[in-house]
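Taking it in order: structure first as structure tokens, then the write-up.
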Amino acid sequence: MPPKTSGKAAKKAGKAQKNITKNDKKKKRKRKESYAIYIYKVLKQVHPDTGISSKAMSIMNSFVNDIFERIAAEASRLAHYNKRSTITSREIQTAVRLLLPGELAKHAVSEGTKAVTKYTSSK
């Protein structure tokens, strides 16, 4: 038979239980968007035995965000100059050619074209 508790002790136990259930609700964490998993996948393709520190990953993430922002801004400017309201792959391609130097631009354009072709063929 369980030991009997006094009326006050039972009330206190009940209150404690209520407090736990009130404060027990988990706060929903806001997701941090990052290119970390994609940067890591590319790193492993290029150098399978190499790791990356969290600080280096943060720098790479900032770099990718910066480049994408620059490309988007340049593509927007190009669309505005040509009185267009839509940014197409053509504007993106031209923006890349304007922003990236020489051989890097050629490689970026060819990889981008390949990605767009793969995407449209999979539909």
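Including glycine, each Cβ sits where the backbone N, Cα and C put it.
What Swiss-Prot annotates here:
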type     : residues : note
REGION   : 1-31     : region 'Disordered'
MOD_RES  : PRO2     : N-methylproline
MOD_RES  : LYS44    : N6-succinyllysine
CARBOHYD : SER110   : O-linked glycosylation site
MOD_RES  : LYS114   : N6-succinyllysine
MOD_RES  : LYS118   : N6-succinyllysine
CROSSLNK : LYS118   : ubiquitin cross-link
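Features recorded in Swiss-Prot, as mapped to the structure shown.
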{"residue": "LYS44", "record": "N6-succinyllysine", "Cβ contacts under 8 Å, 6 or more apart": "none"}
{"residue": "SER110", "record": "O-linked glycosylation site", "Cβ contacts under 8 Å, 6 or more apart": "none"}
{"residue": "LYS114", "record": "N6-succinyllysine", "Cβ contacts under 8 Å, 6 or more apart": "none"}
{"residue": "LYS118", "record": "N6-succinyllysine", "Cβ contacts under 8 Å, 6 or more apart": "none"}
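A helical conformation is recorded for SER110 (O-linked glycosylation site) in the three-state DSSP classification. DSSP gives LYS44 (N6-succinyllysine) a helix state.
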